[in-house]
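Here's the structure we're looking at; comments come further down.
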Amino acid sequence: MKSHSHIAWVLLAILLIGFPAIAQALGGSFYVGFATRVLILALAASSLRLLVGELALVSFGHAAFFGTGAFVVAILSKELTAPVGLLPGTDSAWIAWPIAVMVSALLAVVIGMISLRTKGAYFIMITLAFAQMTFYLFESLKMYGGDEGINMAHRSRLGFGLDTSDNVTFYYVILATVLLANLFFLFLIRSPLGRVMKGIKENETRMQALGYRTYRYKLMVFAIAGAVAGLSGALLANQNSYASPNLFSWLQSGNLLIMVILGGSVNFWGGAVGAIVFCVLEELLPHLTGYWQMAMGVFVILVVMRAPEGLTGLRLRVRVPHAAQGRSSSEVGNG
């Protein structure tokens, strides 16, 4: 079984590394851009899955961090080319991207300090309210485009001979960033903090009785998830050379949550798988029907009904019955 898993990982690595060449062979740069967008949204969905899957925190305001990261990078770019005078501008990825991450993390701390004192539906509604507040805030900033958003003169510069204006180069930059972020998530989940998260998810009262300050741990993870969502927003703004207030919309938060639901919040790769499926359907369904949103909704409902653990849980559901059948057969033989 492990050998099959290793082969699958090797094939996936070959596909990801060789995808630009495959796309060019198919005769279009569209596929490279599409794959880049999928990777960015997979990163955003994975950051939300960290909250939903590891802490059972269903946030409906994740777009607040996603949009903040995008706008920070776009504002810094605008201040460099057409300064408003409020902030120093920069087009360096080594400066703009970390600033976007830090601002998003700070916003997550502020929102988390209030929202994490609630649970269930109250938590969902408070995070949604904060996201809508940020949406209206950035939409009202006329100096930075208002509801029209901000155009970036060009993508952030990385240096070291890497031309981010080239879509293939940018794809590999995004691929490396997403892989590093997921390695960080994997390390986090397997660390002592990950064990605390598991304990909080299973029984927060028991963890508090054992002396753990669960509020602080949840706030820390909430800030980490917000920071990574901000990074994904910064990357999307770079891909499009544009940041829109719609990135803060509850629709964006809903899309990210649907990705997690589709992929499965329990599985580590649930967010990424859900993002891939969602983006592919979002691209294909409009060519098949004018009511593609309805078709998407039906698909999501079917997944929730037939695979409550998401699409990544289907494999587990198939393997478990086989394992149970094997055990029963051996018991009969021993009898």
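The backbone N, Cα and C atoms fix where each Cβ goes, and this holds for glycine too.
Annotated in TrEMBL:
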- 35-52: transmembrane segment (TRANSMEM)
- 57-75: transmembrane segment (TRANSMEM)
- 95-114: transmembrane segment (TRANSMEM)
- 121-138: transmembrane segment (TRANSMEM)
- 170-189: transmembrane segment (TRANSMEM)
- 217-236: transmembrane segment (TRANSMEM)
- 256-281: transmembrane segment (TRANSMEM)
- 288-307: transmembrane segment (TRANSMEM)
What stretch of 35-52, 57-75, 121-138, 217-236 shows the most Cβ pairs under 8 Å to the transmembrane segment (170-189)? 35-52
Selected stretch (most C-beta pairs under 8 A with the transmembrane segment (95-114)) from 35-52, 121-138, 217-236: 217-236
Take the transmembrane segment (57-75) and find every residue of the same chain, 6 or more past its ends, with a Cβ under 8 Å from one of its Cβ atoms. 44, 47-48, 51, 87, 96-97, 99-101, 103-104, 107-108, 111, 115-116, 123-132, 134-135, 138, 144, 149-152, 156, 218, 222, 225-227, 229-234, 236-238, 242-245, 247-250, 252-254, 256-257
